[in-house]
Each structure stands twice: as structure tokens, then as C-alpha cells.
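The feature domain 'Fe2OG dioxygenase' is assigned by TrEMBL to 160-292. Per TrEMBL, Fe cation binding site is recorded for HIS178, ASP180, HIS234.
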Amino acid sequence: MFKDCFKYYKSKNPPPDLEKVRRINLEKTGNSASNFGLNPVKTWEVYELVDHPGLIFIKNPFTSIGQRYWVVRCLQDYSKRPNKTNLDALNLVPEGKEWWEVCQNNNNKILMNKLRWVTLGYHHDWESKVYAEENKGEFPKDLAELSRFIAESLNFLHFNAEAAIVNYYHMDSTLSGHTDHSEHNLKAPLISLSFGQTAIFLLGGKTKDDEPSAMFLRSGDIVVMSEESRLCYHGVPKILQMDSRFWNCFEENDFTNDCKNVVNICKEETLWKPFGDYLNNSRININVRQVLQRGQKRLCSESDEKT
Ligand SMILES: O=C(O)CCC(=O)C(=O)O
């Protein structure tokens, strides 16, 4: 095996496909881990589940301030219109106002607990489970870059974040077993980021008859579903309250980012407090997918199909 591989890369004619070479020195090219609130890639603890090939688990590679950054983005920013949320159908947020702002102004805990999901980029259609070109918003640049950085660090090259579901869980929330199969590109991995309270995550097989494995997803943990596990059943039967507050274990770091106001909130305890209070009883999961095939520019719209 080793010999064959050695020969492959040594060959002059034909030359090897250099895309296959794992880029370990990502810090030296463009974005560095610290731009995303991540610790250096070489310090990451990366595991692949023996019973579930393709299921990659990265044990919290985020710094505390990095965790805070993504939590603030999910609560304060990604929840804003025109992104879609489960609240749209309920008419609870007055026109021209935003959910987080309304909750903070009235200390409205009931409204705060009502946000269950936000969709970004190609919006997930909960009924048809079909993405459409006409049902698409802008995908946040910072989240797209973070996702690409994680994917490339694991040697999944050319990952484009085109759709995401942000799930907001409270202590009694669950997510039933399902597969994520709406994406045209099922070869690209699905990247899942967890913040806040701990989830029990179940990962099964291709059918509901296969017995699932249970694992904890704690704040900062990353799960990548690729290859064989990409189309496996998974769900969240329980959220557990944990004493540890991973987002408060401050270390010295030089976190900077284009979203200066968000970084400022993360560094200033009084500004961070409402976000920390939310997280004490909640979990946030960001689930990022690539929808299109490599080189594909758009989805066929219904009208294209009729012509
Ligand atoms: O919350 C999680 O960890 C899983 C979320 C999920 O499976 C989904 O959004 O499809």
C-alpha cells in the first residue's frame, strides 16, 4: 500500500494529482484558524468512528472567544430577516424589528424560547425537502469561510457552503431521526457545529433498522458526516445540562475579525451576558451543507424544466 502510494507521488509521467495532498500548513495560506476562533489545526483532536466510517469528530477546536463569536452570530445576526425562521409563520416579531432585539428589550423569555430554526443560503423546505433557486438567500461569508477551512483541514477540497440550518434547542427539545438527502451533491461532507449545552447524538445506518451509536456533542465539538455516513440516520433524543461553560474558559488570544461589533460583544462581559444567559439553558447547532455539484452554477428552476 505504502509502496504504491510512494510510486504514485514519485511518478513524473503521469504526474500525481497534487489536489490529493493534504494541506497541513493551512495557517500559511490565506485564512488562519485564529480568524475563525479556532485553535491551530495541528492541536486538533480528530477522530473517525470505527463503526461508522466517514463520521469524523473533532473535539472542540474552538477558543472560548471563538465559541462566543458563533453564538452571537446565530442569535443576533443569522436570526434576522430575510433569513427564514420558524417564527415567520407565527407573526410574533413586528415588521421592521428583529427577534433578538425584541427579546432583549422586553426580557421576553417566551419569545426567546420560540425560535427553533433559521435557514441560510438555499432555504430548506421542511415539507417538500427540495431546494429551489427561487428560495435562496445570501449565505454568510464568515460561516462559508469557516466551513471551507474545516473541510480543507480534513482534506475535503473545494467545499462550498450553500445551505445551512441553525437549530436552537432548549432543555426539552429533541430532533427525531432523519437523513439529509436533499442536496444534489451527496459526495460533499455535511459539517455540524455545536455550542452551548450537551446533546446526545444518535448515529445509525442507512435504514432505521440499524442500531445507532450514541455520542455526546459538547460545546465547540464538530461533526463531519462524509462518505458512508453522509446518508445515515441521525437525531438528538436529549439535551443535558452541563456544569462546564466552555465559552467562559478564557485564554489569551488575538481574535480579530471583520465583524468588529461581534468581537466586541464577545470580549465585553456586560455585552456578552444575555448571550451567556441564553446558552445556560440552550444548545445551538449549525448544520452546513453543499447543495450544488462542483462547477454547477445553479439549480434548475421549475420554469427551466418546463421548457
Ligand atoms: O443538532 C444536531 O446535532 C443535528 C442537527 C441535524 O441533524 C440537522 O439539522 O439535520
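Cβ atoms here come from the backbone N, Cα and C positions, even for glycine.
Automatic, uncurated: that is what TrEMBL annotation is.
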Here the mean pLDDT of the domain 'Fe2OG dioxygenase' (160-292) is 93
Sparsest Cβ environment (other Cβ within 10 Å) among binding-site residues HIS178, HIS234 belongs to HIS178
Neighbouring CB atoms within 10 angstroms of the CB of ASP180 (Fe cation binding site), all protein chains considered, total 20
Residues lining the Fe cation site besides HIS178, ASP180, HIS234 (CB within 8 A of their CB center) are GLY177, THR179, CYS232, TYR233, GLY235
Checked against DSSP, the composition of the domain 'Fe2OG dioxygenase' (160-292) is 25 helix, 49 strand, 59 coil
